Amino acid sequence: MWKAVKDREAGVLLPSSFASRIRSHRVASFDLSNHKEIVSPHNGAINSLQVDLTEARYLLSGASDGSAAVYDIQHATDYERGLIAKHRSLFVVDKQHSHGHRYAISTVIWYPVDTGLFITGSFDHYIKVWDTNTTQVVMDFKMPGKVYRTAMSSIATTHMLIAAGSTDVQVRLCDIASGAFTHTLSGHRDGVMSLEWSTSSEWILVTGGCDGAIRFWDIRRAGCFRILDQSRSQLGRRPPLAESTSKKGSVTGQSSSVKTAVSQRRIPLGNETKQLRTLRKSQILTRGPVVQRLHPGLSSSHNRATAHYGAVTGLRATGDGMYLLSSGSDSRLRLWDIDSGCNTLVNYEAMRLQPTKALQLAVTQDSSLVFVPCMATVKAYDVWSGMTCRTFRGHYELVNCCCFSSQYQELYSGSNDRQILVWSPPNPIIAEMEDGRGGLVSVADQDNWSD
Amino acid sequence: MAAESSRSFGKKRVRDEESILDKGDADRTLGLENNLTFSDTLIALQMMRAQFPNIEKVAMQPFILRSQLYSSVKDRTQVDRDLESLKKEKVLRLFKLNTGQDDHAIMFLDDYLKQCALLSCGAEVKDKHVTFLISAGLLNRQLIDPNMYWFTIPNIGSILKGLSQGRKELLSFLNRRKFKEMLLAPLEKKQLRFSPLDMRFHLRDLIGSGHLKTVRTPTGLLVRVSKD
């Protein structure tokens, strides 16, 4: 470590690589935190966690008993035995609140600009916008089905839209400024369990549905412009530009809509309209043969390409906006290259994911590790090789959500056992104390002069 | 001297015969313990295809499950990529099975062609072609949408049933034991009552899909039911 400091001083090592080296070293030594604890006031399973995006100081959690709470994760409320910091909630809003949710809260997010507002979505079909300081509901939106996931874009400068996915097949965008629904995105065949705004563009929304499809929507125009298909694959990272232009001829258009279990047979684009006509005939409402004109750049709504064999339960885009991780109820985690829309075929070792609930994945800032809640543990996988780096066992029941704070390199996980656990690099002073030295003066503070 | 040399010559010949015999029975006698992992996907596929059990009742060409491949080759990402490139080269065909999550069967193209007595390679698909293929056992209606079909392997039904029953039987056998584990060597010799496929097939499959895990012990490999 000191050699690295000297190298930085001499200019051999770049300051940014010095910082990333320290961060990855800290992340590699993760364990159940021995100096920090969060005291959870919830009486139900914790469904959603988020650390605020502006200062990374406040943690928001939502639970199945209809309660949402905020904790200050940097300053503890009290200390146990003088060493272990206990973080109690700053406030809790629950069913007793006059405008609180009536059923389970499935998703909580901070307003991305500052911590003055937060948004909760619940199974009682409502999305409520709360004022943090007065803990009052400022606005609410009624959705047609149970709300599974809400998301707001952290890079948006021109809009304040909340994207909401529910059991209804349509994704709705709610506007805080006007209090109304601005967009309705249709295309999914079943409920939408996971949503993410793109990290590179404020207009692009990615949704994953219970039908197994992942769709990309540009909210400035109608329809989705890309559907991820698991049979379209590329081997690893895309080759640099010079090589790929020579291969352009071999890549054909959309995948065929006739499902072959054998796969890899591409029907040329010329036959597409004929197939659309035959597919239309099979629908229950016979409208007669209608040829659907496809606008350039739009995906047909008949495109049944699936990204997973079951429902898509979790989505997470990497920080640089180039790759997307998706988890499905078929217990698979897939890594997609966003620009080419291909499956990179990275196989994440055998994992069992809970099939019925939406999961919250977390990625480290340099996109090297992905944290996945697998049954009662949280597993950390290397993003490109798919090997299991660490398994974090600590919860007593199924883990639902995990959130990584890149500023302080800590992982928070919430589970059905009503607890939020903190995973962080060990504090060396406390580790020494626990070794049995006793006494209140830590070794690091003692003077060590030689006479 | 002559007697001694003739005796040693005799011994050598016997040993040579033994070694030839060994290579012939390599698949059956060496057992799973020494044969568990391979270095290359294609080699693993070919070895497992050679080890496919011989079923008397149904004429079945060998197929390999994807989970078996995962338990045999260390790097799973490499396996996926190799399978993808082999598919593109038309050496293999992949079939999605309905026995549980994410089950795929891999078959060599020549075996698949042998399994189907006749093949149609027509450009236009007409109804009478479709009914012909369904009666030949190659195509199956997809219940959700009358215009989409599944490709099937003829005579696969009883084997798939045996596959899922065999898995359940093996897992319940291990779960009933006191510590939910057993050494690989005696476990391999047991016979499964409900499945025509042999124990080695099921072991590879369950290890690859994560239901069982292997632990190295001084007395050999131990197979244990994995908890999560």
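Along the chain as shown, residues are numbered 1 onward.
Glycine too: its Cβ is placed from the backbone N, Cα and C atoms.
It should be emphasised that the depicted structure is a prediction, and the values quoted were computed from it without experimental measurement.
What TrEMBL says about this one:
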- A:98-140: repeat 'WD' (REPEAT)
- A:185-227: repeat 'WD' (REPEAT)
- A:236-265: region 'Disordered' (REGION)
- A:243-263: compositional bias 'Polar residues' (COMPBIAS)
- A:305-346: repeat 'WD' (REPEAT)
- A:392-424: repeat 'WD' (REPEAT)
In the same chain, residues at least 6 away from the ends of the repeat 'WD' (A:185-227) whose Cβ sits under 8 Å of its Cβ atoms read 145, 148-159, 161, 163-173, 295, 297-299, 301, 303-322, 324, 326, 328, 336, 338, 341, 358
The repeat 'WD' (A:185-227) resolves under DSSP into 0 helix, 22 strand, 21 coil
Within the same chain, the residues 6 or more beyond the ends of the repeat 'WD' (A:98-140) and with Cβ under 8 Å of it are 44, 47-50, 52-55, 58, 60-68, 70, 91, 146-154, 156, 162, 164, 166, 174, 176, 179, 358
Model confidence for the repeat 'WD' (A:185-227), as mean pLDDT, reads 92
